[in-house]
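**Student:** Below are the structure tokens for one structure; questions will follow.
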Protein chains: 2
Amino acid sequence: MALVNENFLKLPGSYLFSDIAKKVNTFKVTHPKQDVIRLGIGDVTQPLPPAVIKAMHNAVEEMASKSTFRGYGPEQGYNFLIETIIKNDYASRGISLEPSEVFINDGAKSDTGNIGDILRHDNSVGITDPVYPVYIDSNVMAGRAGDLIDGKWSNLVYIPCLSENNFIPQIPDRRIDMLYLCYPNNPTGTTLTKEELKKWVNYALENDTLILYDAAYEAYIQEPDVPHSIYEIKGAKKVAIEFRSFSKTAGFTGVRCGYTVVPKELNAITLDGEQVSLNKLWNRRQCTKFNGTSYITQRAAEAIYTPEGKEQIKEIINYYMTNAKIMKEGIESTGLKVFGGVNAPYLWVKTPNGMPSWKFFEQLLYEANIVGTPGVGFGPSGEGYIRLTAFGAREDCVEAMRRLKNWIK
Amino acid sequence: MALVNENFLKLPGSYLFSDIAKKVNTFKVTHPKQDVIRLGIGDVTQPLPPAVIKAMHNAVEEMASKSTFRGYGPEQGYNFLIETIIKNDYASRGISLEPSEVFINDGAKSDTGNIGDILRHDNSVGITDPVYPVYIDSNVMAGRAGDLIDGKWSNLVYIPCLSENNFIPQIPDRRIDMLYLCYPNNPTGTTLTKEELKKWVNYALENDTLILYDAAYEAYIQEPDVPHSIYEIKGAKKVAIEFRSFSKTAGFTGVRCGYTVVPKELNAITLDGEQVSLNKLWNRRQCTKFNGTSYITQRAAEAIYTPEGKEQIKEIINYYMTNAKIMKEGIESTGLKVFGGVNAPYLWVKTPNGMPSWKFFEQLLYEANIVGTPGVGFGPSGEGYIRLTAFGAREDCVEAMRRLKNWIK
């Protein structure tokens, strides 16, 4: 009989979001008349902007006619989209990239999950804590995480981000081979300034660390000193892969498109000390195990960068960030401590009197009928926090704050 | 510095199709007035059928309005598509499947490439030879293939399919843990009868072999005794994963959608002998490293199964299969031996007098201005063959046959 990859069996059986769904369901069954407001899951609610809709209709029409039909596209994505991305997201910030350094994908989850394919199973891995679970789970599957002991994976280096350190991860005192950074951060909603990110790039340069930089929430940055790309930091092309996504930028969670930048200057090493281009390896991986993203989707993504597209997504992001502002002010007015929500659509709320995340989750659900996400679900340093998201409808955010105030009072 | 997955470095530097592209380009530069007919690459040329176009426009419109907008869908795919697939592709042939046994994807290449994630790196692997390169390359990357010695990977079991055995792979005399079968076959265009496939299912049942069954060309089957699904064979649910694709069925090569069936009866084993459900493992893999296929694409796939959709794709498939018939007859009339082309859009042509594949490729290009794919590019048993595809325009197929006849004469 074929042997299974036993690393999979180390993963805990239950998922955070299915546990939440079960608890919410139990509440709804026992309280059928209560109206629950869901501020838990990070999915968008606003429809696609008109410029994107128009581009998709046009692309669908192209597929209807023999002379404009498109079959297999390049595995790496179409040049029309790659060039548009480079011009708008990078050249405009003084970063020069070659088209062959950008890989279009079907969303950042695939590439942040699959990137480990090109790396050895015994690299050491660092994560900020709390963290997006995909970074951990995909490394568990690859055998890099070790064993789960008291809620922590034995071979992972956890870098705590807490209110005590203002959610700024401290440079570790040891070498790490691979390090995941996500800024603006999911789940805390916090950011690093250029100065702070520079420390990490310098650490990586000094220690030959590969940074896996997830900038999926880049479009939500409002303040000037927050870097939009890690390549704004000198030397970063030598040490970092950057993941971007249109999911939150333009409501593409159901459309599926993002991209990954693998600079040509970026190397990893063989056991014999030979340096190898990760760009070349990733290209080989994608050519073998991926067949490109839908042509229609790529045309949709291109439309985000048109003048109308830019205007329209700005409006959508403003809508969510106004939600975030209303929520932040609402939470603060109750006396609870809240972080994030300024350059990111996530609010990271400290539970009162150090109450455990799940206990606060249940109280919030049963007494204020609001669904959040227990912070501990994102890692041990998330204990004592709950995540709320600003992706809901305005009226729900306002109503949730009204309930919260009444309840805390 | 992070360590690379050194298995990647074992892969040969050049790709079959880029080598071909270079040779064709050289010819075109040196012969600018010659009109080249490309019958090499397996991409479709007919536009999407009207039922699919209509469904996509409708789905795009849904995404434009708040009340019908869809964000993240299930990682496994939407139930509306899964139920439609089960009803039309399986229940209609007496095969019962549960919705949770079907996983919608962005094309069969992703899943045939990624399926190895859930299996150990040291399973033994069998392939029919010649073969679709993704099966081999993805196993090289995972460390299962060993080393490339004289054109063969040391840890793979090659099962030759040649005119001498009528392209029917012989049951090996040893156990294999994982076995790839692709029927109708790419590249030979040949099929197995139910009786022949049954032998493989029985071999798998007796030897606890996992069959990875690629049925991407199922829609091209014309003859009654050719199985459309491996699950038509008794016991197959205990041993086989089946991959299907809409790429060739409905012209989705640029749209990206397919599905994978992982039956709940199917187990693999741990080193300790514990049986583990592969359905559960694959579900975990997909939930961690994939975020579902575009909603619009899934609605497009659903439309293939409407009465109009079925009628329209039948017409397209008839178009390609008429091409295949014209080509088969054309090639036969020159005295060359040709296989396939009856239940598949591929024609597998034996070169005259055992001429090597690449030599025949060059002669065909320079003397008849036709591009094929050298059979040896698909593996050692492909030497002495060339693959032609029936996906071209009718007039090109007719003209190619005219040229071939004149040239051979």
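Including glycine, each Cβ sits where the backbone N, Cα and C put it.
Just so you know, TrEMBL annotations never went through curation; they're auto-generated.
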**Student:** From the candidates A:N165, A:N166, A:N186, A:N323, give the one listed by TrEMBL for the same pyridoxal 5'-phosphate site as A:Y72, A:A108, A:K109, A:Y132, A:Y217, A:S245, A:F246, A:S247, A:R256, A:N291.
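**Tutor:** My reading of TrEMBL gives A:N186 as the candidate in that site.
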**Student:** Kindly assign A:K109 (substrate binding site) to one of the three DSSP-derived states: helix, strand or coil.
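**Tutor:** Note: A:K109 (substrate binding site) is helical by DSSP.
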**Student:** If you count other CB atoms within 10 A of each CB, which of A:Y15, A:Y72, A:Y132 wins among these binding-site residues?
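**Tutor:** Its Cβ has the most other Cβ atoms within 10 Å: A:Y132.
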**Student:** DSSP secondary structure for A:K248 (N6-(pyridoxal phosphate)lysine), reduced to helix/strand/coil, please.
**Tutor:** helix
**Student:** On the three-state reduction of DSSP, what should I expect for A:G42 (substrate binding site)?
**Tutor:** coil
**Student:** Return the member of A:Y72, A:S245, A:S247, A:K248 nearest to A:N291 (substrate binding site) in space, with distance defined Cα to Cα and candidates limited to these recorded positions.
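**Tutor:** Checking each of A:Y72, A:S245, A:S247, A:K248 against A:N291 (substrate binding site), the shortest Cα distance is to A:Y72.
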**Student:** Need this for a regression test: binding-site residues A:Y15, A:G42, A:Y72, A:Y132, A:N186, A:R387, filtered to those with Cα within 10 Å of A:K248 (N6-(pyridoxal phosphate)lysine). What's left?
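**Tutor:** So the list reads A:G42.
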**Student:** Can you list which of the recorded positions A:S245, A:K248, A:N291, A:R387 come closer than 8 Å to chain B, going by CB to CB distance?
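**Tutor:** Only A:N291 pass the 8 Å Cβ test.
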**Student:** What's the CA to CA span in angstrom from A:Y72 (pyridoxal 5'-phosphate binding site) over to A:K109 (substrate binding site)?
**Tutor:** 22
**Student:** Between the Cα atoms of A:G42 (substrate binding site) and A:S247 (pyridoxal 5'-phosphate binding site), find the distance and write it as a whole number of Å.
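**Tutor:** Spelling it out, the Cα of A:G42 (substrate binding site) and the Cα of A:S247 (pyridoxal 5'-phosphate binding site) are 10 Å apart.
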